Structure formats: structure tokens, C-alpha cells
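Feature annotations, reproduced from TrEMBL:
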DOMAIN    7-214  domain 'Ion transport'
TRANSMEM  20-47  transmembrane segment
TRANSMEM  82-101  transmembrane segment
TRANSMEM  181-204  transmembrane segment
COMPBIAS  215-226  compositional bias 'Basic and acidic residues'
REGION    215-236  region 'Disordered'
COMPBIAS  227-236  compositional bias 'Basic residues'
TRANSMEM  260-277  transmembrane segment
DOMAIN    260-367  domain 'Ion transport'
TRANSMEM  297-316  transmembrane segment
């Protein structure tokens with residue numbers, strides 16, 4: 001019943017239908033493959049080609065991709081109307097172009113055509129009477145020429161050929177009829193600029209509509225999550241806090257660890273620690289070396305004490321539940337390990353200098 005019945009049914013969502021279809025096709029493909037050389041199932045192997053649709057399942061899990069696909073799908077109907085309008089203008093200008101330029105896009109191809117005025121002169125001079133690749137001799141050729149005009153790729157040459165046209169079987173003359181410019185400019189303004197840009201306008205409009213619909217759905221989901229969080233908080237409020245059973249000493253430590261001023265003090269200590277580490281340099285005096293060494297001991301002891309207090313205050317489970325606490329403890333352990341390795345003087349056997357491990361404490365500033 002949950003497959004189709006109800007608002008939250010599986011098949012109510014088109015994305016679930018797409019996922020289910022792809023899984024179903026995959027299962028059929030496995031059955032066909034296991035069938036081996038069965039001739040009856042040989043035709044069904046065409047279904048293997050549908051496996052290429054599997055990446056489409058990513059769309060349902062990516063809100064951005066889902067928005068784009070929904071925009072394209074909802075734009076198909078209005079785009080179809082614009083296609084009809086565009087085809088109508090193409091046919092109108094194509095028929096008009098045939099009436100104006102049919103048979104006029106021929107020219108004489110030869111070494112010297114200055115004295116050539118028509119087709120007869122061209123053939124008498126043993127030259128070739130050829131036509132341009134894009135012409136208006138019939139509606140098909142006219143539509144092809146208009147398509148090149150609309151793409152704005154090589155449209156200038158077609159326009160100049162129209163301006164130079166004289167008549168049927170007549171040699172073109174440069175700028176013979178400048179008024180023909182109105183035909184080409186009108187087509188570019190009406191079709192290339194306005195009509196074709198309507199495609200973009202429709203897609204953008206539908207994108208905003210789908211975005212608003214998606215935002216409404218996201219707002220509903222956020223509201224449901226907020227209601228669940230509020231309900232969870234109300235349930236927690238009815239329960240006693242986890243530290244209610246603590247003794248006086250542990251409760252005092254818990255109050256200290258949850259105090260905001262402790263974080264400020266630790267942050268200040270971290271900054272001082274970073275400054276002391278930055279004082280280390282090549283060929284430094286022995287006194288500075290000892291001072292930095294003892295400072296390292298003091299800072300590391302402070303961080304170890306902080307980690308121990310938090311472990312006592314929150315317990316192991318609550319302490320390790322916070323990833324920042326995990327990072328703090330890892331850096332503290334690295335610091336202790338670095339001091340230990342320096343003291344036992346086995347740094348020569350290590351691939352890295354143990355002092356580099358102490359630099360990891362700089363990550364604590366991320367708190």
C-alpha cells in the first residue's frame with residue numbers, strides 16, 4: 001500500500017520512479033546475462049544500453065541538479081510555442097528571400113572578370129558560372145542561409161552577396177542595391193535577437209518558478225526539522241541534566257570547564273605558546289633554548305591538565321562525542337610524544353623532527 005497509496009508513497013515522486021526504473025532495468029540486465037546464450041533473450045540485451053542512465057540517479061540527490069532538470073522539463077511546453085513562432089518567421093523570411101534573390105547568387109569564377117557582365121560573357125571567356133554556397137534559389141536553401149544568419153557565423157558575407165546581386169544570370173556588382181540591407185537587418189533584429197532570446201527568457205522565468213517551489217519545500221522541511229528539535233529539547237528539559245548526580249568536587253570541575261572564561265584563558269595561553277614557538281631560530285643562544293624548553297613543559301602541562309579536567313567533568317562518552325575535544329586530546333598526546341622523543345634522544349631514528357609535532361598545537365587556535 002505504501003508503494004502508491006498516500007501522499008508520501010514511493011511512486012508519488014517522479015524521482016523515485018526514475019530510480020526504480022533504473023534498478024528494474026539493472027535487474028533485468030543481470031537476469032539476461034545469467035541466461036547465457038539463450039537466443040530468445042538475445043534481443044533483451046539491448047537493455048544494457050540503458051545502464052548508461054544510472055548517473056541520472058545522482059540528480060535526485062543533488063538539489064542543484066534537480067532544480068536545473070526540473071527547469072528544463074517545465075520549460076519544454078513554452079519553448080515549443082516559441083519554436084513554432086521562430087519557424088513561422090523563418091518561413092516568412094525564407095519565402096521573401098526566394099522572391100528577392102532566387103537565381104541572383106551566381107557569379108563568374110575566372111582570372112579576370114572585370115569585363116564580365118552576365119552568364120553568356122562568362123561562358124564565352126571559358127570561365128565557370130557558379131553560385132554561392134548559401135543562396136536563396138529555393139526555400140530549403142533559403143532556410144539554410146537564414147540559419148547561418150541567425151547563428152551570426154559568416155552572416156556578413158551572405159548579406160554582401162545580397163547587396164551585390166543584380167539579376168538572374170547577371171554578374172554581381174559591388175553594393176548594387178544597398179536597400180536590400182533592410183531585409184537582412186530586419187531578420188537579425190526580429191529573429192536572431194528577439195525570438196531566439198525568448199528561449200533564454202523562458203528558461204530563466206521557469207528557473208525562478210522552480211526555485212520558489214523548491215524554496216517552499218525546503219522551508220517546510222526546515223520547519224519540520226525545527227519542530228522535531230523543539231520536541232527533542234522539550235523532552236530533554238523534562239529530564240534531569242546529566243550532571244545532576246555529580247558530587248560536589250566533580251560538579252565544581254564541570255562548572256569550571258563549562259565556563260566561558262576558561263576558553264578565553266586557554267586561548268590566551270595558546271597565543272603565548274605560538275609566540276614562544278615563533279622565537280625559535282637557527283644558532284640561538286643556550287639560555288633561549290632552555291627558556292623555550294621549560295615554556296614548552298609549562299604549556300604542555302597546562303593542556304594536559306585541561307584535558308584531564310574535561311574528561312572528569314564530561315566523562316569519556318560525552319568528551320569524545322565532541323570532535324573538538326578529540327582534536328584537543330590528539331594534539332595534547334602529540335605534544336607529550338614530542339617531548340618524550342626529545343628527552344630520550346632518538347630523533348635521529350625518526351623520519352621527522354619531533355619538534356615539528358609540537359607545531360600541531362597551533363591547530364588549537366581553531367577553537
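Every residue gets a Cβ built from N, Cα and C, even glycine.
TrEMBL does not curate its annotations; it predicts them automatically.
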Is the number of Cβ-Cβ pairs under 8 Å between the transmembrane segment (260-277) and the transmembrane segment (181-204) three or more, considering only pairs separated by 6 or more positions? no
Cβ under 8 Å to the transmembrane segment (181-204), counting only same-chain residues 6 or more beyond its ends: which ones? 71-72, 75, 78-79, 82, 85-86, 89-90, 93, 96-97, 100, 146, 149-150, 152, 155, 158-159, 162-163
State the non-local partners of the transmembrane segment (82-101) in its own chain: residues 6+ outside its ends, Cβ under 8 Å from one of its Cβ atoms. 135-139, 142-143, 145-147, 162, 165, 180, 183, 186-187, 190-191, 195-196, 198-199, 202
